[in-house]
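Trainee: My structure is below; once you've seen it, I'll send some questions.
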């Protein structure tokens, strides 16, 4: 079963003014779509791999044939990362988490503000292209960043919040002002979705 581009859970202009309509359209229909197309192309001659989930492929890259390993890493990672990214954004987002996730953030980072600062630093400090992440690792929250389209899944960690800091994610609106894009991100985080992913990751 070939992988498919997921539909966005909101219109392309829904995240304005924080992320502009044109960026969302190009990011979803061109960039993400290309990762899906190239992932399917890499798996084409390998029917034994076509029934595996994205998580199964990415968590065990070493088991893949060397000839397609890099293509699956880059394009499978890109597909996984963006599929998560769209769901943790919402036009009704922002604010702060509540409940179990809020408690875990306060316990691990001291406060929500301290968490935001550390996450923002990880995003701003990622040289070149990549992602900043809040992950669950052995039941614990952790902030990390990955280069290119690498996914925390490749390291055995479960991502629950991610921020794309590739220039294609923000350049049309913010140009080289990555910190402004990072600051705007907090206005559209869907904390209900992040909390749901946190509960699921803890139950693994």
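Every residue, even glycine, has its Cβ placed from backbone N, Cα and C.
What Swiss-Prot records for this protein is below:
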BINDING   27, 82, 164, 168  Mn(2+) binding site
MOD_RES   34  phosphothreonine
MOD_RES   70  phosphothreonine
Trainee: What is the total of other Cβ atoms whose distance to the Cβ of residue 70 (phosphothreonine) is within 10 Å?
Mentor: 12
Trainee: Among the binding-site residues 27, 82, 168, whose Cβ has the fewest other Cβ atoms within 10 Å?
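Mentor: Each of the binding-site residues 27, 82, 168 was scored; lowest Cβ tally within 10 Å is 168.
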Trainee: What other residues of the same chain, not counting 27, 82, 164, 168, have a CB atom within 8 A of the CB centroid of the Mn(2+) site?
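Mentor: Along the chain, the qualifying residues are 28, 31, 32, 85, 166, 169.
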Trainee: Using a 10 Å cut-off, grab the number of neighbouring Cβ atoms around the Cβ of residue 164 (Mn(2+) binding site), all chains included.
Mentor: 23
Trainee: Just to verify a number: CA distance, residue 34 (phosphothreonine) to residue 27 (Mn(2+) binding site), in angstrom, no decimals.
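Mentor: Per the Cα atoms, residue 34 (phosphothreonine) and residue 27 (Mn(2+) binding site) stand 10 Å apart.
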Trainee: Quick one: pull the CA-CA distance for residue 27 (Mn(2+) binding site) versus residue 70 (phosphothreonine), whole Å only.
Mentor: 22
Trainee: Work out how many Å separate residue 168 (Mn(2+) binding site) and residue 70 (phosphothreonine) at their Cα atoms, rounded off.
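Mentor: Residue 70 (phosphothreonine) has its Cα 21 Å from the Cα of residue 168 (Mn(2+) binding site).
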Trainee: Whole-number Å only: compute the distance from the Cα of residue 164 (Mn(2+) binding site) to the Cα of residue 70 (phosphothreonine).
Mentor: 20
Trainee: What's the number of neighbouring CB atoms sitting within 10 A of the CB on residue 34 (phosphothreonine)?
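Mentor: Excluding its own Cβ, residue 34 (phosphothreonine) sees 14 Cβ atoms within 10 Å.
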Trainee: Can you tell me whether DSSP puts residue 164 (Mn(2+) binding site) in helix, strand or coil?
Mentor: strand
Trainee: Give me the Cα-Cα distance between residue 70 (phosphothreonine) and residue 82 (Mn(2+) binding site), rounded to a whole Å.
Mentor: 18
Trainee: For residue 34 (phosphothreonine), what is the secondary structure by DSSP, using just helix, strand and coil?
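Mentor: In three-state terms, residue 34 (phosphothreonine) counts as helix.
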